[in-house]
Amino acid sequence: MIFVIIYVFALGLTLGSFYNVVGLRVPANQSIITPPSHCPSCGRRLTILDLVPVFSYLFLRGRCRTCHSKISPIYPTSEAVNGFLFVFSFLHATSIAEMLCGWLLVSLLMIVLVSDLDYMLIPDKLLLFFLPLFAVFRIVYPTDPWWDAPAGLVAGFALLALIALISRGGMGGGDVKLFAIMGLLVGIKTIILGFFLSAFFGAIIGMIGMLFGMIKRRQPIPFVPFIALGMLTSYFFGDQLIAFYLDLIF
Ligand SMILES: [Zn+2]
């Protein structure tokens, strides 16, 4: 078992490192294959040794081997988080379908997260890649009942479109599409709870940020970190949360 976990963790780290490349390059309209990864300051090509996720960053203390310019800690952090989330999905799942579903959700969120943190946008191209992937996944592994997946898509779209209308642009079109395709993957209950948890985490952390002067009023902040937090909480702990909440009021 421990070897399987190590293997899954390594898979998560390696994919996480690839997701960084995708999240960084796709919004800038660059190819994800060429040129090979290089230092953004001096252009030095990264060797196999530099590409070992997380460990190379720790070993080089976060600096380029040649020009010693700093490398953003976003990348090793998202690699490590992806590794842990892959292991968690694996341990949490009771079937292959559930494990794959967790990995797909984590993958989409990690790529969109890197893109949002670097550019404050969710590129359509990324979403258009995941939409058919999720659709095929739900044909091969249908939800129970089968209409839960299309209902999730409609609910994710409708809920966010409504908020976008009310807030007059406070919520972007990227968020609407993101919730629609996540809804297709996770179904109606998880997407609705995920939305409310995202808003809840956003409000709490935003208030703490303003209280300590770290965020100014009206300052645009990336929202995907809260979406990721809310969706993963809903996906992994939704049933417990709902049971706990019902216990509280009845
Ligand atoms: Zn360099």
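Here the Cβ of each residue, glycine as well, is placed from N, Cα and C on the backbone.
The DSSP breakdown of the domain 'Prepilin peptidase A24 N-terminal' (11-92), given as helix, strand and coil counts, is 39 helix, 4 strand, 39 coil. The feature domain 'Prepilin peptidase A24 N-terminal' is assigned by TrEMBL to 11-92.
Taken together, the residues in the domain 'Prepilin type IV endopeptidase peptidase' (103-206) have a mean pLDDT of 93 on the 0 to 100 scale. The domain 'Prepilin type IV endopeptidase peptidase' feature in TrEMBL is assigned to 103-206.
Within its own chain, the transmembrane segment (84-114) has Cβ neighbours under 8 Å at 4-5, 8-9, 11-12, 15-16, 19-20, 22-24, 74-75, 78, 122, 126, 130, 133-134, 137, 141, 178, 181-182, 185-186, 224-225, 227-228, 231-232, 235-236, counting only residues six or more beyond its boundaries. The transmembrane segment feature in TrEMBL is assigned to 84-114 (among others).
Per TrEMBL, the feature transmembrane segment maps to 126-143 (among others).
Taken from TrEMBL, the feature transmembrane segment covers 149-166 (among others).
TrEMBL lists 178-211 (among others) with the feature transmembrane segment. Residues of the same chain lying 6 or more positions beyond the ends of the transmembrane segment (178-211) and with a Cβ under 8 Å from any Cβ of it are 101, 104-105, 108, 112, 122, 127, 130-131, 134-135, 137-138, 143, 148-157, 159-160, 217, 221, 223, 226-227, 229-231, 233-235, 238, 241-242.
Tertiary neighbourhood of the transmembrane segment (223-246): same-chain residues 85, 88-89, 92, 102, 105-106, 109-110, 112-113, 115-117, 122, 171, 175, 178-179, 182, 186, 189-191, 193-202, 205, selected by CB-CB distance under 8 Å and a gap of 6+ residues from either end. The transmembrane segment annotation in TrEMBL covers 223-246 (among others).
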Tertiary contacts of the transmembrane segment (149-166), as residues 6+ beyond its ends and Cβ separation under 8 Å: 138, 142-143, 172-173, 175-177, 179-188, 190-192, 195
